[in-house]
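K.L.:
Below is the structure I would like to discuss, written out as structure tokens.
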Amino acid sequence: MVLNPQSNRVPAPSADETVKPAPTLQVLSDDPASDATRGALAADPPLVPTDAMLEELARESQQLESATPQEILRWAVDRFAPKFTMATAFGPEGMTIIHMLAEIAPETPIFNLETGYQFEETLALREKVKQRYGIEVEFKYPELSVEQYEQLHGGPLYKTDPNRCCYDRKIRVLHEAARGWHAWASAIRRDQSPDRAKAPIVGWDRKFQLVKVSPLANWTKKDVWGLISKEDIPYNELHDKGYPSVGCQPCTRVVQIGEDERAGRWSGFQKTECGLHTS
Ligand code: SF4
């Protein structure tokens, strides 16, 4: 089977192809990179979360509580560019921030964790962003293709151990992608979950060891969709088909009326977050 060099997605096998045995694969350790090799600590120059810096961030965060998302992004770009980046899953909040960054600092590097399991509709947004804003969102891939990964584990791990699958195909990739930056933009809103309710506008991301800026922390879902509608911002067409929250295809289902908007994620498992925004 020939893998597309631009992607780690698995193409359908042709009739004369047989699936080769799994290559010898390194079993990944659960132990993430040490702090010293993570995020801003590995940047050149490194950004170290000293007490003085954390106090400064807390002060700035407080002052930015009444700022607009655009003002927050402008502050972040002034303070951290060119070591400021953004990860996006192309959700409505992420698309809103991309729209703002296109006006404020279109040169900001933006990336997506391409697990190999994303919906085609999600992947199509990369092209829509390019056409609308001229911004090329970079795909970051896990070490193993979907085919290699499922061969290693004797089948899709999302069916039996989604935590491990998310760790290997998202979190580990994100640790790698975060290395060398001082700060990144996050698309979380405080009203999305009790965990997210505690998020500062600006704070130190202990898990990934860099500054996390959340310009939409004080926005509501209505604010986000209001801007999308007003500015005709591209969004995932699955939102019009009963998917309020879109993740990987195997772990996302349509949500029924009256269900929580994240009820369609990892349905059947005691799991509501992939681990990107939890400490
Ligand atoms: S959302 Fe599902 S398919 Fe995607 S990485 Fe997590 S467990 Fe795997």
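Cβ from N, Cα, C; glycine included.
According to TrEMBL, the active site, nucleophile annotation covers Cys274. Positions annotated as [4Fe-4S] cluster binding site by TrEMBL: Cys165, Cys166, Cys248, Cys251. Annotation source TrEMBL lists domain 'Phosphoadenosine phosphosulphate reductase' at 85-253. The region 'Disordered' annotation in TrEMBL covers 1-46.
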K.L.:
So what pLDDT does the domain 'Phosphoadenosine phosphosulphate reductase' (85-253) average out to?
P.N.:
96
K.L.:
So how many other Cβ atoms are close to Cys251 ([4Fe-4S] cluster binding site), meaning within 10 Å of its Cβ?
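P.N.:
A count of 21.
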K.L.:
Who sits close to Cys165 ([4Fe-4S] cluster binding site): which same-chain residues at least 6 apart have their Cβ under 8 Å from its Cβ?
P.N.:
Pro156, Leu157, Tyr158
K.L.:
Name the secondary structure element type, per DSSP in three states, that contains Cys166 ([4Fe-4S] cluster binding site).
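P.N.:
Once the DSSP labels are grouped into three classes, Cys166 ([4Fe-4S] cluster binding site) ends up as helix.
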K.L.:
Sort Cys251 ([4Fe-4S] cluster binding site) into helix, strand or coil using the DSSP assignment.
P.N.:
helix
